[in-house]
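Here is the structure we will look at.
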C-alpha cells in the first residue's frame, strides 16, 4: 500500500510538470484558437538557458529558473509578433503547421546549445529522498508539485481578479466582442504566448531536476499533447486534472509492468497516447472541453 | 492550334485531363526527361531521384487527404510503416526462423498488398476521424505515430526489432529482378525507371480521382464540412474514402522507399518523417498533384544541396558528432522553408508557377 502511494506521488510529481506545459497550450488555444506545437521547443530553450545561467556563480538554481522563464517568455513574445501575427485570419491548420516548423527551428538551435555533452540544471535536490509521513518521496517531485500548485493558484487568481486576466477571459469568450469593448486583442495574444513560454521554461527546469538535459528531453513536452486533448483543448482545469492523471497512470504503468506486459517493454511511454485514444472514442472533446457548436 | 488557357470551346476540351497544349507539352517533356535521366546521371544521384519519386507518391497521398479533403494528418509515417512491413513480410524469406516471410517477391503482389493493408488500417482509423475535427484530429494522428513506432519496435517477428531491423521487400517485376545489376543497365538505372513509372501511374490516378465526383466531395468537405453535409455530401463515407486512399498511397510509398535501400529499421517511421511529408505538401502547394510532386523533389534534393553547402561554410561541420553540423542545418532549413512558404507563398511552388503563368497569360498588360 505504501509503495503504491509512493508510485502515485511520483506520478503526481511528473504530472504537475505535464500540467504546467499543458496550461501553456491551453492559454494560447483559449486566446487565439491555435495549438502551439512550439511548446516543446520553448521548454528545451528554457532548460538550456537554465543550464547556462546556473554556471554564473552568484546566481542560484531558483534565480536561474526565474531569469530563464522571463527570457523564454520574451522570446515567445517575439516569436508571436514576427511569425504568428501575420498569420491571423488564415486557417488554423496552417498556423499549427507553422508552430511545428517553429518547434523544429527552436529545438535545432537549442540542441546546438546542448552540444555533444550532457548538461545539468544544477538543481539542489538531485535524487535525494525525504519522508512525507510514512511515505518516502524524492525531493524533486515534491518541489515540482509545490511549484505547480503555487503557479496554478497564481494563474487562476490572475484570470479571476486582475484587469488583464479579465481581458484575457473576454478574448477567450469572443474576440470580436472583446475588441468592440476596447480590449487589446493583440496584447492578449502576445501575453498568452509569453505566459506559455515562461510556463514551459519552468516546467522544463523541474523536469530536468535529477537528470541530464539531452536532445531526447523534448519528448517530455510531447506527453503534454495527450494531456491537453484528454482534458479538452480549452479547459484550464482540464489541463491540470489530465496532467496529474496522465502522470499517475504513467508512473503506475512504469512501476507495475506486469499488468501492461501485452504492450511490450517500455509501455509507460505510450500509455498516455492510448488513454487519450480511448477517451476520445467516448468523448470527442476531451473530459472538460467545450463541445463545438456546429453551425454553417 | 494555340489557345488561351481556360478558354474552352467544347465540353470535350473542358473535361479533358490535360486541358491546354502547354500542359501536354510539359508532361511529354517531363516524361522524356524522366526516361532519359538514368542514361545521363551517375548511380548515387539516381538513387536520390528514385527516393524523390517514392516520396512524391507518398506526398500525393497526403495531398489528397490534407490538401483536397482538408483532414489534417500528422500520422503519415505510421501508414508508411504499415505498408513497408506488409511488403517486407510478403516478400520475406520463408525459411527465416526469426522473422515472418512468405517469399513472394513479385512486386505486382507485394505492392498492392502493402497499399491495401495500409488502406484497411486507415479505414479503421476513419470512424475516429469523422468524429474529430481540425486540431483534435492532428494530435490523434500524432498519437498514432508514437503508438505505431512503439509497436514497430516491439513486434520483432515482423519488424526485426529496434536496431536490428529486417530486409525490405525485393522488387521483382514479372520474374525479372529489378534490384540487381542487369545485362545492360545497372541496378540504380532499373530502379529509377521502375519508381518513375510507378510515380506516373499513381499521379495520373490521383489526378483523375480529384476531378471526379469524389474529388469534388473532398473539396466541399475541406471548405466547410458541416455545409458539405447539409448539401448532401455523405461525410462519413467521403472522410473514410479520403483516409483509405491516402493510406493506400502511403503504404505503397513505404514499401517502395525501403526497396531502394534494401533494409528497414523500425525507428524510421517517426514524427520527423511525418513532418517531412507535410513540408513536401505545403512547399509544393496543397491540393494539387503536381505541387505534391514538385514539393517532394524539392525537399529530397534539399538534403543534397545542404551537403554541398558544408564545404562552403567553414563553421558547419559534416560530422554528426560536432555542432553545428549539416544535419542541424538541414532541420533548420526544413523548418524555415515551411514557415517562409506559409507566410509569404501559401500556395507553395505551385503558386509561384501560377503567378508566372498569369503574368504571361495577360502579357503585355501584366501588372
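Glycine is treated like the rest: Cβ placed from N, Cα and C.
Over in TrEMBL, the protein carries these features:
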- A:12-29: transmembrane segment (TRANSMEM)
- A:36-54: transmembrane segment (TRANSMEM)
- A:60-79: transmembrane segment (TRANSMEM)
- A:91-110: transmembrane segment (TRANSMEM)
- A:142-162: transmembrane segment (TRANSMEM)
- A:183-209: transmembrane segment (TRANSMEM)
- A:215-233: transmembrane segment (TRANSMEM)
- A:240-264: transmembrane segment (TRANSMEM)
- A:270-288: transmembrane segment (TRANSMEM)
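Counted as Cβ pairs under 8 Å, contacts with the transmembrane segment (A:215-233) are highest for A:270-288 among A:36-54, A:142-162, A:240-264, A:270-288. Most Cβ pairs within less than 8 Å of the transmembrane segment (A:142-162), among stretches A:12-29, A:36-54, A:240-264, A:270-288, belong to A:12-29.
Sequence-distant contacts of the transmembrane segment (A:60-79) (same chain, at least 6 residues past either end, Cβ-Cβ under 8 Å): 38, 42, 45-47, 49-50, 53-54, 102, 121-124, 190-191, 193-202, 205.
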